[in-house]
Amino acid sequence: MSSFIPAQSDDVSVATIRALAADVVTKANSGHPGAPMGMAPVAHVLYSRFMNINPKNSKWFNRDRFVLSNGHACALQYVLLHLLGYKLSMDDLKAFRQLDSLTPGHPEAGHTDGIEVTTGPLGQGFGNGVGLAIAQAHLGAVFNKPGFELINNFTYVFSGDGCLMEGVASEAASLAGHLQLGNLIVIYDDNHISIDGDTAVAFTENVGQRFLSYGWQVLHVDNGDSDFRAIYNAIAEAKLEKSKPTLICLKTTIGFGSKQQGTHGVHGSPLKADDIQALKTKFGLPADKSFFVPPATYDAYADIGKRGAFLEAQWNSLLGEYGQKYPKEHGELTRRISGELPTNWEQCLPVYKSTDAAQASRKLSEIVLTALAPVLPELLGGSADLTGSNLTKVKGSVDFQPPSTGLGNYAGTYIRYGVREHGMGAIANGIHAYGGIIPYVATFLNFVSYAAGAVRLSALSGHQVIWVATHDSIGLGEDGPTHQPIETAIHFRSTPNLAFWRPADGNETSAAYLVALKSKKTPSILSLSRQNLPNLEASSIEKAAKGGYVVHEVESEDLTIVSAGSEVSIALEAAATLNAEGVKTRVVSLPCWLVFDKQPEEYRLSVLRSGAPILSLEALSTAGWSKYSHEQYGLPAWGASGPYQKVYEKFGITGSNIAVVGKKVVDFYKQKGGPVVSPLVKAFTL
């Protein structure tokens, strides 16, 4: 293990980081100065001695990844990005937390150059870090060759007390220990302060012992405020451990140097002017200057960038040599890094006729995955202990497991997440953030709610994570209301940039995968049935890929029934009865609201047109359907336990009853008189 060599710039650089973090928060009159000031030494040692990054190319593929899990300490990350020479100016620092600035209130991936993942909700970044480490281990196992260690970076995570209180971090940490991710190093800012005060009021467990039980290596630094050598030695030792992730318990003083250091008063409030002046004087900086950076600090951080540029140049040279010796693997790796899908992969999607056998859409999903696996090796799947129910493991696929377990290897493409839905979601975000992989994860739709925090950040960050969410309605039957996700669909349908698909048959299931795989910056939830669904006569992948289409057309209709998923076939049954009785009824399938809403207005108004009332039908809450229909039929409250056919009958979701309901709707609007305008037609646009 190499030894720590002090540099003249160390003390002044750490002082600069502390003072800048305080200035940033004070200028905004908002933010968290305490953790950045406490973690300045470890941040400086990490970046100046260990991090392999190139600020001039923040997307260099083999760069080390850094995650600020305690995202409220974002002033620290912004200061570092500025000093390192990323695309973040001093003016950007001064605009911290201002509207449309590059320095928002918490780090946002894709918004600020150099930010790997969006953090802020505590614990999410911890899970992201585990995902980043999984991605490196997987791609390294797939593409590295003797003499060509192309993918061998480390992932470093800064985490605080709040992160380690969150269940999502515990879930992710447990799995990371099982997976023996020696490329993951988490630095725990053990300052014993949270917003409510000293952690003695709520968080008194032995964190180190907990992580030892997870199978982690645990190291300790007793003086994180100024012992640069101890910090260096801990990180260096962590890098030597190849079969365990490492937690470094770093004791720091929150707000170090402030008059309020060590108290919760410096956690989430700006320092007062006299406190900042005293702080700067104590650290040898000009007390009367704000946002001051000594030349020695800029020079030291410029050297980090030069080192990173040199390392990337070496890597590019190695990649070129790799291409000469392994042209096939080189082509595949560079394709996956670019994010481009193979040519004509869509031709592998299954296509169905109405005469094909009825199948559950979860089974149809399995058929799609089986067809795609040979042509899309970037698919890395997994389930939260429901593989046999979700049907997500492709036959013959190998599990992603430590080779020492005999259960698989790191080149495997299927992850056993265990019963850890929230951790699974956060990990999947990290896997996608790494690049070169499209993760899909699975559980019952009801339990995606457990992972809602991670799903929300998928949508906000633009992570292409595909959720295979089976057992999606009262159609799951005997498990009853505890497992029937009545309210879940509207929750996720209302989430911006989240495609919630509820396919009605085989072609619609293939369409859901088609659009999900082409949507590079949008996560998708595929809401799939347990019960068998017939293949529709008028469905096609092309039509369903528009998010909504007419599945049964008549002219001069009296009624349109719009539905989704397992209820579309019931709507068609009702329409057949109504048409036989002389009530002209057309049917629309609306598998994905988000995608349908993006279609041209002319198309949308041709599908849900004016002239007759529109009735929506779904075996879920009716919330949200008024956007597309005049009247709504669905679940008024919770579901019920019993054979699914009986449950559907109990709530009147049958072809015969919907025909009766449809007739009442038609009669009502005829008696009401006047033109019937599509709900899509707006009187004015805000």
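Cβ coordinates come from backbone N, Cα and C, glycine included.
Feature list (source: TrEMBL):
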ACT_SITE  E421  active site, proton donor
BINDING   H32, H267, R362, S389, H471, D479, H483, R530  substrate binding site
BINDING   H72, G120, P121, L122, G162, N191, H267, F447  thiamine diphosphate binding site
BINDING   D161, N191, I193  Mg(2+) binding site
DOMAIN    359-535  domain 'Transketolase-like pyrimidine-binding'
SITE      H32  site 'Important for catalytic activity'
SITE      H267  site 'Important for catalytic activity'
Rounded Cα separation (Å) that holds between L122 (thiamine diphosphate binding site) and D161 (Mg(2+) binding site): 9
Separation of alpha carbons, F447 (thiamine diphosphate binding site) and R530 (substrate binding site) (Å): 15
Candidates G120, D161, G162, I193, E421, F447, namely the recorded positions, that fall within 10 Å of H267 (substrate binding site) by Cα distance: I193
H72 (thiamine diphosphate binding site) to H32 (substrate binding site) - Cα separation in whole Å: 6
Distant-in-sequence Cβ neighbours of H483 (substrate binding site), under 8 Å, six or more positions away: F444, N446, H471, L476
Confidence summary (mean pLDDT) of the domain 'Transketolase-like pyrimidine-binding' (359-535): 98
H32 (substrate binding site) and F447 (thiamine diphosphate binding site), Cα-Cα, nearest whole angstrom: 34
Which listed residue (H267, R362, H471, R530) has most other Cβ within 10 Å, given these are binding-site residues: H471
Rounded distance in angstrom between the Cα atoms of G120 (thiamine diphosphate binding site) and D479 (substrate binding site): 36
Distance, I193 (Mg(2+) binding site) to D479 (substrate binding site) (CA atoms, angstrom): 43
Densest Cβ neighbourhood among L122, I193 (binding-site residues), 10 Å radius: I193
The residue listed as 'active site, proton donor' versus R362 (substrate binding site) - Cα distance in angstrom: 18
Close recorded positions near N191 (thiamine diphosphate binding site), where close means Cα within 10 Å, chosen from H32, D161, E421: D161
Any further residue of that chain within 8 Å (Cβ to the Cβ centroid of D161, N191, I193) of the recorded Mg(2+) site: A35, G160, D189, D190, H192, S194, T199, I254, H267
Binding-site residues compared (N191, S389) - the one with the fewest other Cβ atoms within 10 Å: S389
Listed in sequence order, residues with CB under 8 A of D161 (Mg(2+) binding site) and six or more positions away: D189, D190, N191, H192, I193, S194, T199, F203
